[in-house]
């Protein structure tokens, strides 16, 4: 029997949870390209309040990821996923019914409060064997990027055709579908170690935060999402400056994501089967820095921008695949939900910081000098340097060690 071949149960869990995660993230991303424009027609809207409406989602996610991770350790993964999606639906309905910016802010805050990412990844870890976990996590990670590309296409189309309220109704419907998939398609876990002892919540939190290897990985995912959000705040303007109309931008995102999706699979197999996690990790770090340098030097040259975006998405998707698997492997037994909660909090802190940093630099420089060492991606390259510094300190494991590397 091929131990590296995924069983039907593992495939069902991977596709089921991947779809639930994608539906959830689609609802998050579809709002991003339209809220700054269509949102200004709302009662009481201003640029500052629109910014709050965008950022409050990530802030709420960061606040509630750890509590949801702790609860998933104690009461189980699926109840938390269903409950979080129900909260997300409620927030979407409030936003859909609202005609003022304050209603949108309230709805977005409630959407972000349904933080299920940690529980989804922890349940996927429970339902897959260790030798197949990276492949399963890769599906979740790559779906993040693909969902981003799809949302960039669907969000403007739906909003232009039906209006902003209809977009939020669509988001509520997608989250409801996610609830049904969680209940009827996603398998139940038989391997989950529940933390039910008195005082275990505080103990599990401190235990995870005290683990230095986990802290380094969490810092890595935060830097990665700072880069993602800050880069893609700048990129639409850069593409427009290159003479590529905004209505065509989705073609760049979709094409580069499809190529990246196909390209990362051999690297994932190589990292897991050949036990070269450290080498692939370092390759990703270097590729991110190269991508930002290419974007920096591209100016108004369209194809150089496309090459930079392609390199960035390849590195991003690989990192998104590797980091959750490494978090799962490094987590103490019975603490995966908590570890995934801290991980997801770091992820959404990166989203919030990256979006804010990107917007602040664009405003400060009045749309000019969008890429590194003219502000933003210089910070991104510094983040990449920190990645490399920390990864270089990691040691390749002994042959019998299950982890990809030790930091």
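Cβ atoms are placed via backbone N, Cα and C, with glycine included.
TrEMBL labels come from automatic prediction, so no person has curated them.
Note that the coordinates shown come from a computational prediction; the quantities given were computed from them, not determined experimentally.
What TrEMBL says about this one:
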- 1-407: domain 'Major facilitator superfamily (MFS) profile' (DOMAIN)
- 21-42: transmembrane segment (TRANSMEM)
- 48-68: transmembrane segment (TRANSMEM)
- 80-98: transmembrane segment (TRANSMEM)
- 104-124: transmembrane segment (TRANSMEM)
- 136-154: transmembrane segment (TRANSMEM)
- 166-186: transmembrane segment (TRANSMEM)
- 217-240: transmembrane segment (TRANSMEM)
- 252-273: transmembrane segment (TRANSMEM)
- 280-299: transmembrane segment (TRANSMEM)
- 305-327: transmembrane segment (TRANSMEM)
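Sequence-distant contacts of the transmembrane segment (104-124), counting only residues of its own chain at least 6 positions beyond either end whose CB sits under 8 Å from a CB of the stretch, comprise 13-14, 17, 20-21, 24, 27-28, 31, 35, 39, 42, 49, 52-54, 56-61, 63-69, 72-73, 77-78, 80-81, 83-88, 90-96, 98, 133, 136-137, 140, 168, 186, 189, 192, 324, 327-328, 336-337, 339-341, 343-344, 347-348. The recorded stretches the transmembrane segment (136-154) and the transmembrane segment (21-42) share 3+ CB pairs below 8 A when only pairs 6 or more apart in sequence are counted, and are therefore in contact. Between the transmembrane segment (21-42) and the stretches 166-186, 217-240, 252-273, it is 166-186 that has the most C-beta pairs under 8 angstroms.
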